[in-house]
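*Asks:* Below you will find the structure I want to go over with you.
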Amino acid sequence: MSADELKRQAAARALELVRPGMRLGLGTGSTAKHFVDLLGRRVAEGLDVLCVATSEATQAQAVSLNIPMSTLDETPALDLTVDGADEIDPQLRLIKGGGAALLREKIVAAASARMVVIADDGKLVPTLGRFPLPIEVVPFGLEATRRAVATAIAASGAAGDIALRRRPDGGPLVTDGGHFILDARLGAIERPELLAQALNMVPGVVEHGLFIGLASGAILAGAGGLRLLGRIE
Ligand SMILES: O=C[C@H](O)[C@H](O)[C@H](O)COP(=O)(O)O
């Protein structure tokens, strides 16, 4: 089975969590896209839900499927967010932001009573950090912020290169919020909580891709079937 088919399986299992009347957060990325697609089919059959998107891309997909959409200003408390992840550890700590949507994803997840992660089981790792950690920063003072980020990373006991994420044409990638992304190639993040705290203290850092204490459960699809972590129902 292809990785894409596994992602769709995980998304289909997450759809079973959706009940009529729920307020849902819709994640971003290739896995979340399957969930939105399957949700759109249920909505077309009459399912009543109200959703908030974590990116302009997801918003556009949901609108194209006639999924009723809201904002966190109108609907500040959500029942469930379903989103993908770049890495998941056994304690349900995540790295997110490979698709540059981490800021809105974290705000939406924090506004949700539950966040369930959907992924293929290749995303499950014993230690976070093989995937470069995305760090969203304001464009002003970029080099000073990059140095401060390097200091914060070193203070947490990690180390590695920090690169500005670029578009295919070479220009800096700009997020939905108008910010840049620094990708920190750390290899292993032994103390994610410490690193998260250190990054939170850096002026110019808007948000980082360490999601700690946000996911309540994960649905991981693999060749041997579905594996559930944490609380799903
Ligand atoms: O910014 C993007 C998000 O955090 C995605 O949820 C994450 O990158 C996983 O994406 P995918 O499902 O495409 O692997």
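Cβ coordinates are placed from backbone N, Cα and C, and glycine is handled just like the others.
Annotations for this protein, taken from TrEMBL, read as follows:
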{"type": "ACT_SITE", "residues": "Glu105", "note": "active site, proton acceptor"}
{"type": "BINDING", "residues": "Thr28, Gly29, Ser30, Thr31, Asp83, Gly84, Ala85, Asp86, Lys96, Gly97, Gly98, Gly99, Lys123", "note": "substrate binding site"}
{"type": "TRANSMEM", "residues": "209-229", "note": "transmembrane segment"}
*Asks:* I want to check the contact list for Ser30 (substrate binding site): same chain, sequence separation of six or more, C-beta distance under 8 angstroms. What comes out?
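*Replies:* Non-local contacts for Ser30 (substrate binding site): Asp4, Lys7, Gly84.
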*Asks:* Enumerate the residues of the same chain, Thr28, Gly29, Ser30, Thr31, Asp83, Gly84, Ala85, Asp86, Lys96, Gly97, Gly98, Gly99, Lys123 excluded, that satisfy the criterion Cβ within 8 A of the mean position of the Cβ atoms of the recorded substrate site; list them in sequence order.
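*Replies:* The answer, listed by sequence position, is Gly27, Ala32, Ala101, Glu105, Ala119.
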*Asks:* So which residues does the transmembrane segment (209-229) touch in its own chain, when a touch means Cβ under 8 Å and the partner is 6 or more beyond its ends?
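*Replies:* Here the qualifying positions are 1, 6-7, 9-10, 13-14, 85-86, 88, 90, 92-97, 102, 105-106, 109-110, 114-124, 128, 133-135, 189, 192-193, 195-196, 199.
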*Asks:* Could you round the CA separation between Ala85 (substrate binding site) and Glu105 (active site, proton acceptor) to a whole angstrom and send it over?
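*Replies:* Here the two Cα atoms are 10 Å apart.
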*Asks:* Using a 10 Å cut-off, grab the number of neighbouring Cβ atoms around the Cβ of Lys96 (substrate binding site), all chains included.
*Replies:* 30
*Asks:* Counting across all protein chains present, how many other Cβ atoms fall within 10 Å of the Cβ of Asp83 (substrate binding site)?
*Replies:* 31
*Asks:* Let me spell it out: for each of the recorded positions (Thr28, Ala85, Gly98, Glu105, Lys123), count the other Cβ atoms within 10 Å of that residue's Cβ, using every protein chain shown. Which one has the most?
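*Replies:* Answer by Cβ density within 10 Å: Glu105.
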*Asks:* Reduce the DSSP letter at Glu105 (active site, proton acceptor) to three states and note it down.
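*Replies:* Glu105 (active site, proton acceptor) sits in a helix per DSSP.
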*Asks:* Rounded to an integer, what is the Cα-Cα distance in Å between Thr28 (substrate binding site) and the residue listed as 'active site, proton acceptor'?
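*Replies:* A Cα-Cα distance of 8 Å.
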*Asks:* Measure from the CA atom of Asp83 (substrate binding site) to the CA atom of the residue listed as 'active site, proton acceptor' and give the result in Å, rounded to a whole number.
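*Replies:* Answer for this pair: 8 Å between alpha carbons.
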